């Protein structure tokens with residue numbers, strides 16, 4: 001009997017290795033499909049549009065309609081803006097009645113999903129990587145606003161989660177967004193002095209600067225290990241995310257984390273990470289700091305210029321969760337008070353005690369969506 005043990009163990013290990021590395025379930029194959037292919041299978045009308053920005057980058061945006069419809073909504077237009085290391089898939093990965101973009105499309109809004117340069121849907125290979133969330137807001141979002149207006153000439157609202165909020169703020173502060181209506185930022189902000197977990201440790205370390213000496217872009221891509229971990233080991237994966245984005249008490253829909261893991265992380269540039277670091281470490285919202293010499297060439301001054309938040313005239317609505325590891329209550333309130341000093345038409349802030357950071361795209365109840373609908377509907 002003993003002579004069979006080693007071959008049997010080897011066979012079991014081989015089978016497990018095959019299952020982990022090579023075998024793909026039908027659901028995994030489905031989640032690998034691009035967003036438009038997946039949503040068509042769910043009977044949603046969706047179109048893929050291509051835009052050329054003012055600095056000659058190719059941007060892909062998707063127009064999403066109501067489930068079962070053969071035409072697109074002509075309600076108020078709303079554009080979703082992607083997060084740090086994520087693509088716009090994150091807004092449709094939860095259960096249908098809880099996914100922000102699907103809920104708004106089924107309500108009757110004219111929903112658009114914008115991908116940003118460098119991501120899966122807008123790779124722009126060979127065009128360099130000298131960009132961060134500044135270019136996302138200054139070029140990508142502004143041109144998306146112009147494009148949407150051609151199809152639906154109404155004022156446009158934007159929704160940004162996490163870094164998506166910074167992208168929106170850049171567009172507003174630089175007065176680039178034409179026909180802007182309501183700006184909704186959830187789980188976002190420009191201050192991170194009270195952030196907890198692994199992210200502030202990483203961002204405050206010299207790791208990114210060291211990495212920048214070897215590459216200008218990070219192409220990690222989704223991990224099959226993380227996919228299987230989040231699909232089959234809920235407690236372990238929940239514990240992992242506890243140190244990254246949400247506390248254990250948040251309303252995160254842990255049953256759907258594997259969907260998020262299948263689409264994240266997305267490629268990003270070292271400059272984008274460094275820009276984030278400059279903002280969090282210095283506590284100042286300014287353009288990318290290249291250093292005195294290059295700043296002088298780029299901006300005509302030794303220091304990177306501050307974003308002029310006083311230029312903002314549109315309504316801004318902040319929503320954050322009590323169990324958000326990255327955006328803590330003191331930082332959210334500081335950001336709110338800063339916006340109150342601007343020319344913004346209206347500034348509001350809402351706190352959801354059961355929510356964290358990723359909860360805004362993967363929540364069990366998504367009660368905040370009722371508030372978002374009310375904000376956009378209210379003229």
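Cβ atoms are placed via backbone N, Cα and C, with glycine included.
Where the annotation comes from TrEMBL, it is an automatic prediction and has not been curated.
Among the residue ranges 7-23, 24-40, the one that TrEMBL annotates as transmembrane segment is 7-23. Here the domain 'Partial AB-hydrolase lipase' (39-81) has long-range neighbours at 30, 33, 88, 91-92, 96, 100-102, 104-117, 121-122, 124, 127, 135-136, 139-145, 147-149, 151-152, 154-161, 164-165, 167-168, 181, 376-377, meaning same-chain residues at least 6 beyond its ends whose C-beta is under 8 angstroms from one of its own.
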